[in-house]
Amino acid sequence: MTPTELKRLYRIIKVQLEYGLDDLLPDHQLAKAPRWMRKSLFWLKNQHPEKPLGDRLRLALQELGPVWIKFGQMLSTRRDLFPPHIADPLALLQDQVSPFDGALAKAQMEQALGGPLETWFSDFDLVPLASASIAQVHTAKLKTTNQEVVLKVIRPDIRPIIDADLKLMRRMASIVAKAMPEARRLKPIEVVREYEKTLLDELDLRREAANAIQLRRNFTDSEELYVPEVYPDFSNETVMVSERIYGIQVSDITGLKANGTNMKLLAERGVSVFFTQVFRDSFFHADMHPGNVFVNPEHPENPQWIGLDCGIVGTLNSEDKRYLAENFLAFFNRDYRRVAELHVDSGWVPADTNIDEFEFAIRIVCEPIFAKPLCEISFGHVLLNLFNTARRFNMEVQPQLVLLQKTLLYVEGLGRQLYPQLDLWETAKPFLEEWMMNQVGPKALINAIKDRAPYWAEKLPELPELLYDSLKQGKAMNQRMDQLYQGYRASKRQQATGKFLFGVGATLVVCSAILVDHTYEQLSLATAIAGVTFWLFSWRAYRR
């Protein structure tokens, strides 16, 4: 390790010990390496023993900087790995850091765009509108249309910091996995690898631009969701330009009520937007925390969500959607055996799983949920309970489902903040049932035929020729099979003859040996010669 890496590693260990994060493992589970580290750095004591462990972890990550803050935010969504008293405080981590110099941001943009900003923009504000760990945002106007826009630029010094911290994270995860077998359940190496992919994706603003364009296209002319327009001509790996929007932050309940917003409809539309993305588009915004969601102040009686920051999105294939919809419907019908069978059929748990035991485990965990009214049941926690139970039966981590669960928890939490009486099941059930009708049954068959009709219309003129070629190939194949069969029969006959001759030869040789003992030397010699002759014939038969 370089001196810089050693210095950073010491800083990380120092913060961990000063916040008592070795308490994450009980004393009897501490491996030799962590115990030795704690004793050798005896001057580093827990400075916050009065605080709960979850709060100490949050404060430590906050002190370590932006890369670790975002890591903590990701861990807060992994409720399959961490209990609520750890995950809940991590959800409070704020990705806010001091802005860097506006002149430096401008220079960075000009380098990325290949010319002075004044060529394309006017009224560029050197004071950032917002600043986060990865990027910061400035406002300006397009010269050609006078449209207000925001320019998002990646921090110029962030990549080396991220690379260095990720390298240390990988090493620490590897050490933890090897030194502490009890910690392997938390899958430290896989968690860091997942975080690394997410973080590096966020460093490429072309991905975010493409995601925003796709999401905007999916909700063109929608009353439910508005996605600001992205200007691809001014967007690249380190800069993204998009339309500036004005709205009320979705967490500003007081502001929304003061504006006369229909809170019930707004909450229901949040659920509608989520399930539309998942089941209609198979493409969903996976970072719907309150900082990325605003409400259009116009037409408060018919409220519209505004989605920002499309850096993280999730996708589901048809099989995932089908099993997800069927799981929800089976769960709310309390058909736990069907839930268990679906997990096996989908390949989420091994095929040799005992269905009866799995069904019983699901029933124990999920049945108490129905003690509550349906309007109080959390979809997100339903998924969480199902996945946690399935993990005991060796369910592999499904990244797309982890993103879905995280997003569902966000949407559900926002919806119930806006309108506590929100009945998520009543709002979501029509989406699930309609999607199932479109996937199974006569309607699904008709839709499939419609979808494939252009392809078959294109191939229809070629059908007679293809049929003729297939028949010719079939005839040639039959002839070839006949030849192979005749050859096989001849070979078997030769082998049978060879075995017979070999057996006769062996018998004669044995007789020759017996005759030698009885002083019939001439007869013995003749018998031996005959036996060898039969062996030669058998060898020749095998060679053919």
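Cβ atoms are placed via backbone N, Cα and C, with glycine included.
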Original post:
Can you pick which of K106, K152 Swiss-Prot lists for the same ATP site as L129, A130, S131, A132, S133, I134, A135, Q136, V137?
Top reply: K152
**OP:** Whole number in angstrom, please: the longest C-alpha to C-alpha distance across L129, A130, S131, A132, S133, I134, A135, Q136, V137, K152 for ATP.
**Re:** 14
Original post:
Which residue, out of the binding-site residues L129, A135, V137, shows the minimum number of other Cβ atoms inside 10 Å of its Cβ in this structure?
Top reply: L129
**OP:** Write down the Cα-Cα distance for D287 (active site, proton acceptor) and S131 (ATP binding site), rounded and given in Å.
**Re:** 17
Subject >> L129, A130, S131, A132, S133, I134, A135, Q136, V137, K152 excluded, remaining Cβ within 8 Å of their centroid (ATP) >> reply: P99, P128, V153
**OP:** Provide the three-state secondary structure of L129 (ATP binding site) computed with DSSP.
**Re:** coil
Original post:
What residue among the binding-site residues S131, S133 has the most other CB atoms lying within 10 A of its CB?
Top reply: S133
**OP:** Look up D287 (active site, proton acceptor) in the DSSP assignment and report helix, strand or coil.
**Re:** coil
